[in-house]
Amino acid sequence: MAYKITEKRQLVPDVHLMNIQAPDVAAAANAGQFIILRIDEAGERIPLTIADYNADEGSVTIIFQEMGKTTKQLAKMSAGEDLLDFVGPLGKESEIEKLGTVVLVGGGVGIAPIYPQAKEYRAAGNKVISIIGARNKDMLILEDEMIAASDEVLVATDDGSKGHHGFVTDLVKQLLDGDEHIDRIVAIGPPIMMRAVAGVTASYDVETLVSLNPIMVDGTGMCGGCRVNVGGEVKFACVDGPEFNAKDVDFNLLMSRLSFYRKEEADAITKSQKGCGDDCKCQ
Ligand SMILES: Cc1cc2nc3c(=O)[nH]c(=O)nc-3n(C[C@H](O)[C@H](O)[C@H](O)COP(=O)(O)OP(=O)(O)OC[C@H]3O[C@@H](n4cnc5c(N)ncnc54)[C@H](O)[C@@H]3O)c2cc1C
Ligand code: FES
């Protein structure tokens, strides 16, 4: 079975949105879950978070950043073309319940996975304060959607071109030091950002969840590729997560495992730019 791309658009430089016709995935999807796709027979399997879904239309939205061979190949595809595999929903859904006030923190392309959470936390009766951040205003995605899905949205840019001049962590700290009682914080973005949020919230009594993005292969708990250390125990992010309590996560191990295949990833881009096959021995 092939999975048709029904919409494709660039949101900001190097970040794209795609709607995929995948009725079975759309019917079962929940916030916090992800899919694994493969473009064609020769393709690598890559995990992407479900950024939105519409069970009535049978469509699933993914938002991805061009990083290496597969995401760059995906970025060149257009509406009307097919993906070979689109497997999901995978991972545990976010445990969304009525808590009170929930702060959602999204950094860069990490704003995409917090968008469905904003909608679902609000639908469950929570006050949702979203903090979204990017390097600069031109790299900020889904601002209008986050405003529509949240009670309040705070923006941070590294260069100060929009909102707070600085990191999302500054805004998290300001909220924690303010008068509002916060019942839960969910932070999704680059591991370095999630580690920084965890560092800020560690000295406050507030539950903090992060969504981990280790290298994944099968997404079903069989290969061990996505193992992470949480609370001193080995967990497989694809089946035990991807959401975990931030205070228990070994971020240093996560970051060192993510850079494990850097040489192979650089070689794959070079070969794809030269038009060589994966088994080509040129450098
Ligand atoms: C549960 C989960 C959800 C994710 N959701 C999103 C999302 O919504 N949007 C988005 O832009 N990115 C997301 N990612 C990251 C995305 O999977 C990688 O950017 C992508 O696999 C890179 O592949 P590549 O061939 O383009 O780049 P490569 O050059 O192969 O790799 C670039 C970097 O991407 C990471 N990566 C590579 N292969 C994998 C893999 N099989 N699994 C996980 N990470 C990998 C590594 O950090 C690597 O250094 C998610 C990752 C996980 C685990
Ligand atoms: S991706 Fe293979 S065990 Fe999680």
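Counting starts with 1 at the first residue shown.
Just so it is clear, glycine is given a Cβ too, placed from its N, Cα and C backbone atoms.
Please treat TrEMBL annotations as automatic predictions, because they have not gone through curation.
Feature annotations, reproduced from TrEMBL:
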- I63, F64, Q65: FAD binding site (BINDING)
- C223, C226, C238: [2Fe-2S] cluster binding site (BINDING)
- 1-96: domain 'FAD-binding FR-type' (DOMAIN)
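Location within the structure of each feature annotated in TrEMBL.
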residue: I63; record: FAD binding site; DSSP class: strand
residue: C223; record: [2Fe-2S] cluster binding site; DSSP class: coil
residue: C238; record: [2Fe-2S] cluster binding site; DSSP class: helix
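A separation of roughly 18 Å, to the nearest angstrom, links the Cα atoms of C238 ([2Fe-2S] cluster binding site) and F64 (FAD binding site). If you take the C-beta of Q65 (FAD binding site) and look for same-chain residues 6 or more apart in sequence within under 8 angstroms, you find D14, V15, T71, G108, V109.
For ligand 2, the neighbouring binding-site residues among I63, F64, C223, C226, C238 are C223, C226, C238, by Cβ distance under 6 Å.
For C223 ([2Fe-2S] cluster binding site), the same-chain residues lying six or more positions away in sequence with a CB closer than 8 A to its CB are V217. You'll find the Cα of F64 (FAD binding site) roughly 19 Å from the Cα of C226 ([2Fe-2S] cluster binding site). Residues F64, Q65, taken from the binding-site residues F64, Q65, C223, C238, are distinguished by a CB atom under 6 angstroms from ligand 1. Cβ neighbour count for C238 ([2Fe-2S] cluster binding site) (all protein chains, 10 Å cutoff from its Cβ): 27.
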